[in-house]
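Participant: Shown below is the structure under consideration.
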Amino acid sequence: MKKNLIIVESPAKAKTIGNFLGKDYEVIASKGHIRDLPKSSFGIKIEDDEFIPEYRITSDHSALVKELKSKAKDAKEVYLATDEDREGEAIAYHIAKAIGKDENTLPRIVFHEITKSAIENALKNPRKLNMHSVNAQQTRRLLDRIVGYKLSPLLGQKIQRGLSAGRVQSAALKIIVDREKEIRAFVPLEYFSIDMIFQKDLDAELVEFDKAKIEKLTITNKDRAKLILEACKNEVYSISDIESKERKIAPPPPFMTSTLQQSASNRLGFNPKKTMMIAQKLYEGVNTHEGVMGVITYMRTDSLNLAKEAVENARKFIQANFGKDYLPSKANVYTTKTKGAQEAHEAIRPTNLSFTPEIAAKFLDKDELKLYTLIYNRFLACQMSPAISQTQNVFVKNDRVVFKISGRKILFDGYYKVYGDMDKDKILPNFKIGQNLKVQNLEMNSHFTEPPSRYSEAGLVKKLESLGIGRPSTYAPTISILTSRDYVTIDKKQLIPSDVAFNVTEVLEKNFSDIVDSKFTSNLENTLDEIAEDKADWQETLKEFYYPFMRKIEEGKTKIASQKTVTKLGESCPDCGGELAIRKGRFGEFVACLNFPKCKYSRNLKSESKNESENTAAKAKANGTGITCPSCQKGEIVERFSKRGKFYGCSAYPKCNFISKYKPSEEKCEECGETLVIKELKKGTFLECLKCKIKKEMKD
């Protein structure tokens, strides 16, 4: 008896769906894209202004395609069940092509969640493949190939090898570089504050002096600050006014991709890549108290829509578990402000409210539980009543100055019951107008304005979203590309551009301004949305981009000056005798042998005076530790740097491959004879054997 064949992307998804269906169905995974543009060539044929992608079955999918063809041939019906977004639609298209079926006749089934009811409903309501969505994805893929294949080699030729450029990544990189320029150009401004504490421990803010309003940056002159301080020393203060306001704090909307990534970063410390990997697992299926199922809806979405049934279930759950006060009279409805949002999709929510975080703790690992709990509570919160807070401002004055004491308390916690930043209440005493207050402490303090902060990964995602750059599926990969290409390093959650990031951005700004222009990139994203909606032609879009872009590429070959000039040091390489020179790398300048790649000798370039030229021995000594290499007993242990930070290696590299994260000492372990390394801890500096783990205090 013939079976129905369902083809999905991932094995995990296939396994979960297979558990829901009977013996009449077989579910198999394509394991992602089975066709793509070739890696070894441009892969786009241009004939009579038509752009024809030359797709190939990827080498790691050859055997799988044979299996799919065989199973499809014998199947009663073949269902394409890839994700419901452009990428999923394109994967379905390529599957149909690869197995030799007409993409217009195969039934396409879609669902927002992987639950039994959702799959059964999808099978009852198949549709045709949406070729407009496929063409939007093809346009994006071809645009990325054009930019990457034509522009990246030019950057490699003019700046350094291994560089890349892309529509979204280059625009994102410019945002990071521009922020770094702001920070470097920032000039701090000194300002002063008059800080008052009234009895008992009541912090007060100066808001008025001689009838003039005082704000944060009002007092920038020290003499004036002293004058105001003197006026504040009058110890007779009385309450002149009391303001009290109630405020409703509306619950936040449910998560979409960008806000999930931001909240997971801020609350859980997860980077976007980690968030999406965990969310994918939760979507595709995990063990639950009711068997294997997807426990959240599709995680790549820019929609805030919620299924009517899901909202009704949430309202029942809220009333049953929290009471009627926590349930608004009508369901809360949210609409997205994101450019190009696909409203047919759903927001990210739990698929089964009975799978509570308490029950989930028995089935999910630590990080899965954290993210699931965040999604679960946010969904419940979005359908709960607002929180109500009361703010109180008490104004205290003498003859010349007015201070403000602020207080706050939560009158009703509302959605804060499950989700929210519950700041500690600052409840003020019962004051009366005319009441006198005594000064507990009064002082003048100096401050300096601070430069704008660098973007965090979550902050960059928020910025990209606000500018309409990229879509839910591209945020995490964009950051991964920037870090893997060494354009950006992440230090204490801050994105820091490298020297080469400045060089590349400068070249692109001068010669390919469209590529780094956020408005152009956003408009192109909007055009892709229009293609998906059949409001724009994909071939025309490619044509309008390609020809002006290629003219700039040709101009750039002669117009862009090479930055690969080297400064010879007049020194001989200690390894091969060749000439040493200063080269530019991803992390700045360094010394290298001109016989590269035959000779791999290199070292750090220490900051030197422009009028000072040091000889080779002096420079080598600057990196040296004076400790003999414990491995070869010939070389010297030297301090080196990589993109992961400082490490210690042998000066005889590459002949000696000794490497250590910690600085080796001259002492040996009494137990095994291994070299002890120096570890600096909060408790002090110790010597430790990495083999025996024996520690001993380091003597001065």
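Placement of Cβ uses the backbone N, Cα and C atoms for every residue, glycine included.
Computed from a predicted structure; not experimentally measured.
As listed in Swiss-Prot for this protein:
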- E9, D83: Mg(2+) binding site (BINDING)
- H33: site 'Interaction with DNA' (SITE)
- R140: site 'Interaction with DNA' (SITE)
- R141: site 'Interaction with DNA' (SITE)
- D144: site 'Interaction with DNA' (SITE)
- Y149: site 'Interaction with DNA' (SITE)
- 164-169: region 'Interaction with DNA' (REGION)
- Y298: active site, O-(5'-phospho-DNA)-tyrosine intermediate (ACT_SITE)
- R300: site 'Interaction with DNA' (SITE)
- R485: site 'Interaction with DNA' (SITE)
- 573-599: zinc finger (ZN_FING)
- 629-656: zinc finger (ZN_FING)
- 669-692: zinc finger (ZN_FING)
Participant: Just give me the nearest neighbour of R300 (site 'Interaction with DNA') among the recorded positions E9, H33, R140, R485, Cα to Cα.
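Facilitator: Checked the recorded positions E9, H33, R140, R485; minimum Cα distance to R300 (site 'Interaction with DNA') goes to E9.
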Participant: Apart from its near flanks, which chain residues at least 6 from the ends of the zinc finger (669-692) lie with a Cβ under 8 angstroms of it?
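Facilitator: Distal contacts: 630, 660, 662-663, 698.
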Participant: Taking just the CA atoms, what is the gap between D83 (Mg(2+) binding site) and R140 (site 'Interaction with DNA') in Å?
Facilitator: 17
Participant: Taking every protein chain shown into account, which of the recorded positions Y149, Y298 has the largest tally of Cβ atoms within 10 Å of its Cβ?
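Facilitator: Of the recorded positions Y149, Y298, the highest Cβ count within 10 Å belongs to Y298.
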Participant: Look up Y298 (active site, O-(5'-phospho-DNA)-tyrosine intermediate) in the DSSP assignment and report helix, strand or coil.
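Facilitator: DSSP assigns Y298 (active site, O-(5'-phospho-DNA)-tyrosine intermediate) to coil.
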Participant: Validating a neighbour-count step here. Other CB atoms within 10 A of the CB of D144 (site 'Interaction with DNA'): how many?
Facilitator: 15
Participant: Would you list, in sequence order, the recorded positions among E9, R140, D144, Y298, R485 whose CA lies within 10 Å of the CA of H33 (site 'Interaction with DNA')?
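Facilitator: Near H33 (site 'Interaction with DNA') by Cα: E9.
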Participant: At the Cα level, what's the spacing in Å between R140 (site 'Interaction with DNA') and E9 (Mg(2+) binding site), rounded?
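Facilitator: So the Cα of E9 (Mg(2+) binding site) lies 20 Å away from that of R140 (site 'Interaction with DNA').
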Participant: Pop the Cα-Cα gap between Y149 (site 'Interaction with DNA') and R141 (site 'Interaction with DNA') into the table, whole Å please.
Facilitator: 12
